[in-house]
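Student: Let me give you the structure first, and then I'll get to my questions.
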Amino acid sequence: MMEALLGWPPAVLDPMGPYSSPVRTVAWALFGMGALITALVVAALALAWKGPPRWRARLGGEKAIMLLGVALPTVVLTGLLVWGLTLTARLDRPAADGAMRVRVIGEMWWFRVQYLDGDGRLLAEDANELRIPVGRPVALELESADVIHSFWVPQLSGKKDMVPGRTNRLTIQADRPGQFGGVCAEYCGRSHALMGMVVIAQHQPSFERWLAARIAPARRSAPGGEGFTQFVAAGCAACHAIDGTSAKGRAGPNLTNVATRRTLGAGIMPNNRGTLTGWVGDSQSIKPGNRMPSYDRLEPAQLKAITAYLETLK
Ligand code: CUA
């Protein structure tokens with residue numbers, strides 16, 4: 001699934017916005033310079049080895065060493081450094097005031113996504129899926145709940161670390177609608193390779209409709225039903241919140257709209273009845289070491305009731 005999320009050609013070479021296209025430019029420039037220098041070195045080597053005596057003498061001389069061995073690398077590397085720093089400074093420019101704010105918190109091993117209002121108050125919480133409006137810069141506040149992670153959605157921006165105890169800022173922007181895969185780009189423990197997410201860019205009106213529906217207060221104030229009872233009885237509510245119900249756990253992902261998510265387990269598999277049942281029943285064999293225990297002690301009827309209930313959360 002992760003391959004599907006990051007895709008081919010390498011996402012870095014297929015940027016979708018102003019904060020990612022400079023990365024492609026740098027990638028091609030470094031590749032081009034590298035190829036050019038390799039060709040020069042191979043040519044010089046061939047001349048020095050089997051070339052005419054005049055060339056062999058020249059390449060062995062002090063002048064050639066100072067010019068090709070010292071001056072050329074100094075000029076090329078300094079040039080690339082200055083150019084790279086200039087581009088990076090441009091990527092680091094903060095989003096304008098009034099940009100949409102989202103806090104993304106890295107946790108072992110998933111991404112907590114919090115939509116904020118202009119004053120930083122929490123509007124809604126999601127997991128491993130970030131919706132943004134097309135064509136607008138989105139100001140991300142990157143944090144960590146445990147160890148160092150790194151936020152990386154190659155088609156929308158460069159990567160930036162998520163460090164415990166501090167807030168790092170990163171701006172992303174998508175210039176066309178679509179789904180863009182991301183991964184944690186800093187080794188963070190046993191299931192680091194299974195920590196992915198997806199950014200969904202949609203046009204402003206449909207994004208606004210989605211957000212308004214997502215934060216509509218207490219629209220499930222009467223969850224009722226056997227499924228929710230079993231959900232609570234099994235202890236799920238101790239770790240998971242479902243807005244508008246008595247489930248207010250904070251340790252795991254908020255499940256208010258879990259049925260609408262593209263993936264389960266932080267981007268590692270598609271979300272359908274089979275994967276959902278497998279995840280609840282035995283998440284430890286799918287993602288070793290994650291904080292959710294395997295619920296293999298549940299009766300089949302209980303498991304079925306819980307997953308059927310989760311499938312209604314849209
Ligand atoms: Cu989180 Cu690697």
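Heads up, the Cβ atoms here are built off N, Cα and C, so glycines get one too.
Pulled these features from TrEMBL for this protein:
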- 97-213: domain 'Cytochrome oxidase subunit II copper A binding' (DOMAIN)
- 219-314: domain 'Cytochrome c' (DOMAIN)
- 26-49: transmembrane segment (TRANSMEM)
- 65-85: transmembrane segment (TRANSMEM)
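Distances, neighbours, how buried they are, the whole picture for these features please.
Tutor: In terms of DSSP helix, strand and coil, the domain 'Cytochrome c' (219-314) has 40 helix, 6 strand, 50 coil.
Nonlocal intrachain contacts for the transmembrane segment (26-49), taken as residues 6+ away from its ends with a CB within less than 8 angstroms of a stretch CB, comprise 12-13, 55-56, 59-60, 68, 76, 80, 83-84, 87.
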Student: DSSP-wise, what's the residue breakdown of the domain 'Cytochrome oxidase subunit II copper A binding' (97-213) into helix, strand and coil?
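Tutor: DSSP composition of the domain 'Cytochrome oxidase subunit II copper A binding' (97-213): 13 helix, 60 strand, 44 coil.
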Student: Below 8 angstroms Cβ to Cβ, which residues of this chain, lying six or more residues outside the transmembrane segment (65-85), approach it?
Tutor: 26, 29-30, 33, 37, 40, 44
Student: Grab the pLDDT values for the domain 'Cytochrome c' (219-314) and give me their mean, rounded.
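Tutor: When the pLDDT values over the domain 'Cytochrome c' (219-314) are averaged, the result is 89.
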